[in-house]
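The structure under discussion appears below in the form of structure tokens.
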Amino acid sequence: MEKFPRDRLVFKEKIGDGQFGEVHIAEADIRDLNAQFGEEYTGKTKITVAVKTLKGDVQKDAKTDFFKEVRVMSRLQHENVVRLLGVCRDDPICMIVEYMENGDLNQFLKGHVLEDDHDVMIYANTKQPISYEELIYIASQVAAGMKYFAAMNFVHRDLAARNCLVGEGLTVKLADFGMSRLLYSKHYYRVQGRVMLPIRWMAPESIFQGRFTTQTDVWSFGITLWEIFTLARDFPYPNLADEQVIGNAKTAFTKGGTGVIYNDKPDVCPQDVFDMMLSCWSSDPVERPDFNTLYDFLMSKVGSVQSVVV
């Protein structure tokens with residue numbers, strides 16, 4: 001990965017702050033660097049980017065993890081995966097990635113209402129309309145990114161609407177700045193003294209065995225699909241406390257699905273799409289669909305997609 005001159009970055013706004021670092025919106029001067037950034041930036045002199053910085057006093061393990069993330073991201077080149085643009089290796093170390101102007105998918109969905117929602121007036125015109133076809137299109141892009149991850153033998157481990165970013169033209173890309181635990185602290189729960197975990201998005205074998213695979217990503221994809229069709233209006237398993245979510249996952253893990261509580265079907269969600277969600281939540285990982293199947297299914301549903309007013 002090419003080094004990027006730090007003096008060509010102008011920091012504009014801090015959007016995240018955690019134990020090990022910060023995330024900023026910045027302006028990057030890319031004059032004479034277009035070849036490094038690719039054809040889409042040809043002719044541009046300044047672009048808006050997102051910058052993840054690592055605090056100078058962090059432990060060696062944090063730096064190791066940071067550069068591991070850099071190496072992984074430098075390998076991932078897909079239209080539905082946020083792209084790493086460069087790295088500043090001197091302290092404070094920072095990672096420069098493309099900026100997605102409409103923020104994370106969780107907040108984006110919350111800022112919209114369905115076009116045929118008869119209760120739209122209660123929002124006093126503060127929310128923009130979005131169609132069922134557009135929700136399907138969003139879901140298909142998440143599936144496309146995850147299909148690519150699976151082909152690259154890469155496991156995301158924390159797939160959720162909060163870790164997808166939205167750009168212009170309803171473009172959706174997978175990301176994980178590692179800042180979700182700060183910005184969405186209520187989405188994470190400490191299990192038996194271990195690190196904070198997004199238990200409402202996790203497969204049972206991830207919670208109880210610490211096992212993360214493409215099949216556990218499929219479980220999380222099913223939850224993300226549920227978030228999309230509920231416009232992220234609530235947490236998964238909204239009627240269960242965190243301890244009850246753990247108990248429910250234990251039932252799925254030990255009893256093969258008997259007596260397990262599942263998320264309800266979202267009102268706007270067709271039955272066949274909900275059936276696909278349920279298949280993602282199979283207690284047996286082998287019975288879950290792969291991302292090729294999920295992508296093909298959603299693409300078969302994609303109709304003509306209108307531009308979203310954002």
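Every residue, even glycine, has its Cβ placed from backbone N, Cα and C.
Values in this document were obtained by computation on a predicted structure and should not be read as measured data.
In three-state terms derived from DSSP, Asp158 (active site, proton acceptor) belongs to neither a helical nor a strand segment and is classed as coil. Taken from TrEMBL, the feature active site, proton acceptor covers Asp158.
Around the Cβ of Glu101 (ATP binding site), the number of neighbouring Cβ atoms within 10 Å comes to 12. If you look up TrEMBL, you'll see 16-23, Lys52, 98-104, Arg162 marked as ATP binding site.
In this structure, Asn163 (Mg(2+) binding site) is part of a helix by DSSP. What TrEMBL lists as Mg(2+) binding site is Asn163, Asp176.
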Under 8 Å by Cβ from Glu98 (ATP binding site), counting only residues of that chain that are 6 or more apart: Val49, Ala50, Val82, Arg83, Leu85, Lys173
Going by C-alpha distance, which of the recorded positions Asp158, Asn163, Asp176 is nearest to Asp104 (ATP binding site)? Asn163
Simplified DSSP label at Asp176 (Mg(2+) binding site) comes out coil
In three-state DSSP terms, the structure that Glu101 (ATP binding site) belongs to: coil
Taking just the CA atoms, what is the gap between Gly16 (ATP binding site) and Asp176 (Mg(2+) binding site) in Å? 13
What whole-number Å value do you get for the CA-CA distance of Asp176 (Mg(2+) binding site) and Glu101 (ATP binding site)? 16
